[in-house]
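The annotation transmembrane segment is assigned in TrEMBL to A:6-25, A:37-56, A:62-79, A:100-119, A:125-144, A:165-189, A:223-241, A:261-284, A:296-319.
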Amino acid sequence: MIAERWLNLAVLAGLLGVAVWARIADQPFTITLTTRAVILALAAVGLNIALGLGGLVSLGHAVFFGLGGYAMGILAFHVQTYTPLEIGPISIAGSTSMPVIWLTAIALSSLAALGIGLLSLRTSGAYFIMITLAFGQMFYYFAISWNRYGGEDGLSIYVRNGFPGLNTLIPFQFFGICFALLCLVLLIGDRLARSPFGLALNAARQVPVRVETVGLSPFRLKLVAFVISGAVTGLAGALFADLNRFVSPTMFSWQLSGELIVLVILGGVGRLIGPVVGAVLFVALEHLLGGLTDHWHVFLGLILLVIVLFARGGIVGLLSRRRLGDG
Amino acid sequence: MADPVLSTDGLTKRFGALTASDGISLDVRPGEIHAVIGPNGAGKSTLIHQICGGLRPDHGRVHLLGQDVTALNTAARARAGLGRTFQISALAMEDSVLQNAMLGALGRSGRPWRFFGRALGDADLRARAEDCLARVGLADHLHARTATLSHGQRRQLEVAVALTLEPRIFIMDEPMAGLGSDGSAKLTRFLDRLREEAPILLVEHDMDAVFALADRVSVLVYGRVIATGTVAEIRSSAEVREAYLGEEG
């Protein structure tokens, strides 16, 4: 057993190490693969705030991932086609600046999370799962029918968006941006879990009736957690679209929502680094086994089965015992 | 006579054909322990739920410190001064003893929307939580995981969480349940002193504790209060004997 803190650092150092090695060995594809793992990890870290801390099994997090993706796609599309983006009376040129796109993605996905949360958090258990799923499907079918932005075919963006002072077309530099954002969000997530809000949210997941009895509202606590969670997953969606330079309705699909849950469960629900471990394993399996067989998901399923049956704390839970009372 | 801290006025609650509360009027005055006793199924839990906000009565009002709180939810009533303990411990089992008590202190502070500082690093909250844990005798178990506590210790923690709220009145649902005779005696002494801080509405099956503690007793049978009075009055009431005490010999 190792202390969770060291495990967290080791996982991040490992990710960085792989990218640096690939940079030195001139393996751009490996850097891109690592970047993909980092971005999926970020999306799953977002989900873990709702799922791990708040106990909210959301089968609709693809909504936020997709909104982030389309925020990037739409803003960049208008610059690429030299057509202004008209929202009511306002007309803007679009944007190819990553920070602007990120903020838009975060704003849109938190707003969506607020609306979805307000409605779905009135239910719990299977009903909550079904309502979030239904929202996901609504967004998915809307995107398919939205021909202005490619409909089912999606949108291709030819040039990756820019970040001041960096050349984002160089894989290692784009990796650096994604990795830095992941570290930042992990840091925030860690602080959040230990904060007064985290303490109350943690209790609201376990015994909502107790939280009410001390004068707090479990509904509001979970709603705020859901919004933060959606914002993080939305940011990941914008990065994912930039990685592929492509957005399509599949970013809204319920399979994606399901995959995010799988990443969190593989790594360890409620564990800070759990989603990162899950994402790395997922991308590694996808790459290594995906080259051998199209049916690589079978192996993923087997691993998931073993984890759920024998290691409820996920891989992180196997490697490191949870410390208690250090809040 | 001082104004009551808590009063119910004709609380009535029906579940289908069953009348679980039938016009219950009772009050709790400053400094007193008012015990509610009654056989199983008499409607004690339904009464507590209506007082604490978990159930809305069909008719009747609940007043707390002169304010009508009938329309308020559980959280708002807690903020208004109700401190409740549960019959079956409702604690965050994965968390430490200290974290459970800090939750109460956090609720009391009314400032849960702080996302960065460490909760356990908040000196005010922590002092309040540790103080209340020490009072119930859990000072040596601050960092124990709540799931590892004995039944009796969980009961103590229940009381400690209510203490952190500094309520204007305690609503205690069978605090003695499952405690051994030693535990009951200790808790009885503790509650005896606690009434000076805030009055207690005590729902309890342990008759020794009730007769030792209560200033007044209300007897609930089939959702109705059939008698309210001092311990001596209740013990000598023929109606109460017939309806309740007699059954227990």
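Note: Cβ is positioned from N, Cα and C throughout, glycine not excepted.
In this chain, the transmembrane segment (A:223-241) does not touch the transmembrane segment (A:261-284); fewer than three CB pairs sit within less than 8 A of each other, excluding pairs fewer than 6 residues apart.
Taking residue pairs at least 6 apart in sequence, the transmembrane segment (A:223-241) and the transmembrane segment (A:37-56) share three or more C-beta contacts under 8 angstroms. Residues 1-2, 4, 7, 262, 264-269, 271, 273-274, 277-278, 281-282, 285-286, 289-290 of the same chain, all 6+ positions outside the transmembrane segment (A:296-319), place their C-beta atoms under 8 angstroms from a C-beta of that stretch. Long-range contacts of the transmembrane segment (A:165-189) within its own chain (CB-CB distance under 8 A, at least 6 residues past either end) are made by residues 8, 12, 15-16, 19, 22-23, 28, 31-32, 34-35, 38-39, 41-42, 45-46, 48-49, 98, 159, 232, 235, 239, 242-243, 272-273, 276. Within the chain, the transmembrane segment (A:62-79) has long-range Cβ neighbours (under 8 A, six or more residues past its boundaries) at 43, 46, 85, 92-96, 100-101, 104-106, 108-109, 112-113, 116, 135-136, 139-140, 143, 149-150, 154-155, 157, 161, 229-231, 233-242, 247, 249, 251-254, 256-257, 260. It is A:223-241 that, among the stretches A:6-25, A:125-144, A:223-241, forms the most Cβ pairs under 8 Å with the transmembrane segment (A:100-119).
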